[in-house]
Every structure is written in structure tokens, then in C-alpha cells.
Amino acid sequence: MAAGSSKKARQFDFMAMFEEARQTAFERFQGNLVKHENEGPSERTYPESHSKVCISESGSKKTDEKTLNKSDQSGNINESSDDLISPPLPQTQNSSQGSKLDDEDNEDLIGPSLPPSLTKTESSISDGGKPEEAEEDDDLIGPPIPPRFKQTQSSKPSRMESEEDSDGMIGPPLPPSMMKEEDSDENEDDDNEEEEAEDQNPVMKIPSSHEITLEHGFKTVSALALDPSGARLVTGGYDFDVRLFDFAGMDSSLKSFRSIRPCECHQIKQLQYSTTGDVILVVAGNSQAKVIDRDGFEVLECVKGDQYITDMAKTKGHAAMLNCGCWHPKIREEFMTCSNDGTLRLWDINQEGKKHKDVIKPRSMQGRRIVPTACTYSPDGRWVVGACQDGSIQIWDHSKAFVNVAMMNRAAHMSGSDTSCLCFSYDGRTLASRGGDDTVKLWDIRNFKSPVVSRGELTNFFPMTDLLFSPDDKMVVTGLSVKKSEGQGKLLFMDRQNLSVLTEMVVSDTSVVRCLWHPRLNQIVVGSGDGKAKLFYDPKKSHRGAMLCMVKKVSKDRPMEIVADKQIITPYALPMFRQARQTSTKKFEEKLRRDPVKTKRPDLPVYGPGSGGRLASKGGTLSQYVVQQLVAQKPDPMDNDPRGAILRHAKEAEENPYWVAPAYKKTQPNPIFQMEEDPKEEKELEPAWKKRKI
């Protein structure tokens, strides 16, 4: 064998060889069966591996005389036994098979000797009856199954074998992966039972096992928004700020990656992501709504209307404070806002907020202007709904002109109250309203004359208290308002059918204002009056969201290396004047360490009488002395009377002149000062025409 050359080891696929052998045996068996049917009853030809036997019509058998003589000499086969045509058997096999041939007078053994495994099977048959294994082997086609597969089948019986013992099994046994699949089917059945239990009890679907707190500020969180994918959360509050949180990029410190103030000094009332999640609608206390992108940069600002025009349809935008706003669920470019100027306006983002798209003017029963406090779209975008201060809920058809209402209920809530929220169910047939009269009502759009169910005594102090449906449409969720230090803010979960309270969740010691239940994340976000937003989730039921950031450790802040001194770069200077550029402060700090003046340790405080020219008494330094003198000085009573402060030195200056009098002593020994004039003389000198006539 030459150096460098190597033989490649031969590889055998035993399972493939076994399958090929089984298929070959099956084909041979089928071929022989067809061949026997075609031949006559008098003579049949068997395969070459066996001896040929001729059978007469009368049933008598003719055997080879030589074979019979050899078998007679061995003494193992009787004359009355069946004729055997085959090579002579060994002594051990003759003794074992002789007893079998005595019992089976009507059968002939043709061919070579049987293997030991089949010999044991025949011995068990001779003892009495056909064993169960033999009955199962009758249905098997092909060579016998290897012992290792028999052990596998006996140790791990499959479900198919236990249920279908009578059916024949063709081929090797099931692989272990199929056995695992059967076990997984059983686990799936258990999971299905748990899901059925959850369907019967919707409270089990509430993700409330874990919670995290997001710090927004110190004032009420009045707006919340989650994008459709659940990757980012936006919060707004009475502190005029909007904070953006990114779950994927945030660690367990739970800090926002950006804080902006989009509307200057106006409270944030509504935040909502568009259907695509690329922009955010910001509704504040001013008259101009804004649209910002995902990173907080302004995209457009709606134009401000003319407040001196009587007909609000003639002006381009709102002329008073905004109350609410939302995006169209189907048209990604359209959003709606409502204002105190008595209008609902539809905007197109492609027009960059220069003019509204449509104007809706709700009217009271007397036909006067009325202020809308809440607005929303139906899930299919067909209906536009507005709630007004007179307690009415008015619905317009989006596909028609907004002249007349399609549906209206004048007595939906108490007149003079601000309806804080309108929300449609996911099926689009039920409308829920949260009134300022401390009630929650459910309305059927197909019959809008009266509420389906109503519940009262649900305290509401805020004009933006939320109301929503659970993702499975079986529960209605809202928050309760409480006065300061008079209770706990709770989140109520009510049954949709009768608004009975299924469970309640204590959030904080202040009012619960905003709440969100994201259907994809299955996580609940709650904004309260203490400036905190709490997020509730369950690792078994929720997905992504808060679970992405809670597994990350808090990153340590690395100090930035900054060169303190400015350098003058002179690339063409002589080598003796050239200075090397500093790339970091490490070498610069090492150089300062070697300077004995700059690295001198400050003097320690002196204890005892003193040392090194320093006294240990108080006021050893200049600053301490100045401070002590300022403290020791008594307040001057003349601080508030500057004239008195000057005149108190007049007597001393007259007796002991020091500054002014000595300078003029030789030139002007007698100082002459101007004398006071008599006002009577001035009046006598006046002309006659100026004198007053008596």
C-alpha cells in the first residue's frame, strides 16, 4: 500500500438491508403463490432451495428410497411417520424433530434443517396449542424479526399493538420518535382540558402573577399607548411630558430611552399608535393635535382655527381645547379629534395638517352647539361615535355625508357630565361607555334605544378614565377613582353579560385613570394618579413585552475619558517643540502623578496647640476668620435709616474735623453756606397778574 493512500471504511445500512430482504421475501412469496394456482393439482414445482415432491391424486406419497433408508438406519423416524425428503439431519436435531414428526403425521418437512429459534417454537406447539407469539407471527411476512427488536416491542408496547392485536404488522417496529409523539398527544389532551377550564372561568386568563413599575413622573399618568406589535410603550401625564419605553432595548432598571414635551405647557390627554405603528397621535390641552414618529420627532401639527368665526365649519382647524382623538382602524392616513369648539374633525396625514378633511357638528335637542368629550371608530371603520356633554351618544355613518346622525340616544348619561370613554367590543356589535355620572353602560348597535346592561356606583373623577374589553370579549375592565388617603385605586373585571364584578385588582393608593390590555402580548398596563405606570404579566400566559427587559441586568455606566487641556497641533514644528497627540487621558494622568506639586496631599486638620506655623484654634484659615467675624458682628440699628446713620457722626465731625474742614482751614476760615429763603418774600416779588385775587 503506497504511503499517503488510505482505504475508505465500508459503511453498511443494516435497516436498509433488512427492509430490502423483507421486500424480496414478500415478492417471492407472492410469485410462488401465483405459480401454484396456475399449475395443476397433480404436480407442483417448488423453489430450487427445496426438494421436489410428486403427489398422486389418491393422496399416496412417493419418497426417495435412499432417503428413507438413511432415515431408517438412524432410528429416529418411524415407518408410520410422514415421509421426509431432505439431507440427513444432525444427531441432536434428529432427536428433537423425531418427536415432532410422530405427532404431525400429515405434514412433510422439505429442505434444510430449521433454525433453533423456529425449533423452539415448534416444541412449544407440540406441548399444546398455538402460542400467542406464533399467532402474531402468522401475520408477519418476510424473514423473522431480530431478537433486539423483539425485546424493544416487549418492553415498550405501542398503543397500536394493544388496540389492534388482530391486525397484521408489516415492517419494522415503530421508531422511538413515534412513541414520543404518542406521549405528546397525551400531554396535548391535558393542555386542552386546561384550556377548557380557562374558557369556563375567564378570570384564569388574567395575567396578574407578576408586575413591574415604570416611573413616569410625580403627576397623574393621563395617557397610555402600546404599538400593535407590543415592542414600545408611550406614557403621557399632567406634567406635560411624554416618555417612550422600548422593551427590547431596556434593562431591568426600566428607564425610558426618551422624554419629550411635544405641546409645551399643556397636559397630555390622549396618545395612540396608528394601525401600522409608525406614528403616534398626541392630543393635549391646546387646540392643535400633533403627530410624532416612533422616536418622538414631530411629523406634523394641525392648523389652529379662527376663534372669531361663528360657523366652525368655515375655519380650517379647532379653535378651542381638545378632548380626545383616535386613528381610523382601516384607513391608515386618517385620524379624528374632538374639541370644546363643538366639532369633531377628520384629518388626513397626507395634507400635513393644513386643513381638516371633514367636520362633524353635533347638536343638542334644541339644535344648539354641544361639546363632544369622547370619540371613537367602530372596528370596521363604518361608524363614527361621539359622546357629548348633554349626556347623549351620537353615531354617524362614515360612508355618508355627516349631516344627519344615523343613530342617537339623548339620555345615554346624565346631562352636564363628561363621558370619559367610548369603546367597541372586538366583534363590533357592542359599545361600552364610561360616564361622568359614575356608570358603565353596554349598548347594542342593532338596537340603540336602551342599554343592554348598566352598572352604577363606579367613581370617576377624571375626564379620561378608561374602559376596555378583554381580548376574549368576555370581560369589561375599568378603573376606580378615589380621593386622597380615602381608599385604594382598583381595576375592576366585570362580566360582559351582566356587569357583575368577577374580580378586582388593587393597583395603588391613588386613582386608576388609564388601562390597556394588549391582545398580542396578553399584558395589562395601568396608569394611576401617583405618576407611575404598572405593567402586569404572567410568564406562562404572556409573550415578550416586559419579559424581555426583566431578564437583563442593569448596565454599569462607564466614565467617559475626556482630555481636559486643549492641545495645539503643529505638524510642521521642529522636533524639539513638537508635542505628541494624546489619544486618552491615561498617560496624561500618569504624568500628573509624577508631578509633586499637583499631586500634593491636602493638609490634614491640626489637633493640639498647632504645628508648622498653623494654629489649632478656631479660625486658623482666612475663610474661618471671616465667617467668625460676620457672625460676631451685631446687627446695626441704622441699617434701615441711612440718613440717621450719617447724622450720628455730625457732632464728632464738628468737634474733631478730620476730612473736610482741615483742607479749607487756610483758604476759607469761615465757611459761608446758603441761607434758607422766606416763602413770603417770594410771593411779594411776584407780578400782579400772578397774584391771587381775594
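Note that Cβ sites are derived from N, Cα and C of the backbone, with glycine treated the same way.
Listed in TrEMBL for this protein:
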- 34-51: compositional bias 'Basic and acidic residues' (COMPBIAS)
- 59-69: compositional bias 'Basic and acidic residues' (COMPBIAS)
- 70-79: compositional bias 'Polar residues' (COMPBIAS)
- 116-126: compositional bias 'Polar residues' (COMPBIAS)
- 182-199: compositional bias 'Acidic residues' (COMPBIAS)
- 680-694: compositional bias 'Basic and acidic residues' (COMPBIAS)
- 32-202: region 'Disordered' (REGION)
- 599-618: region 'Disordered' (REGION)
- 658-694: region 'Disordered' (REGION)
- 315-357: repeat 'WD' (REPEAT)
- 365-397: repeat 'WD' (REPEAT)
- 422-453: repeat 'WD' (REPEAT)
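Listed by sequence, the residues of this chain that lie at least six past the ends of the repeat 'WD' (422-453) yet keep a Cβ under 8 A from its Cβ atoms are 374-380, 383, 385-387, 391, 393, 395, 407-409, 412-414, 459-460, 463, 465-469, 471, 473, 476, 478, 494, 496-499, 519. Mapped onto DSSP classes, the repeat 'WD' (365-397) shows 0 helix, 18 strand, 15 coil. Counting residues of the repeat 'WD' (422-453) by DSSP class, helix then strand then coil, yields 0 helix, 15 strand, 17 coil.
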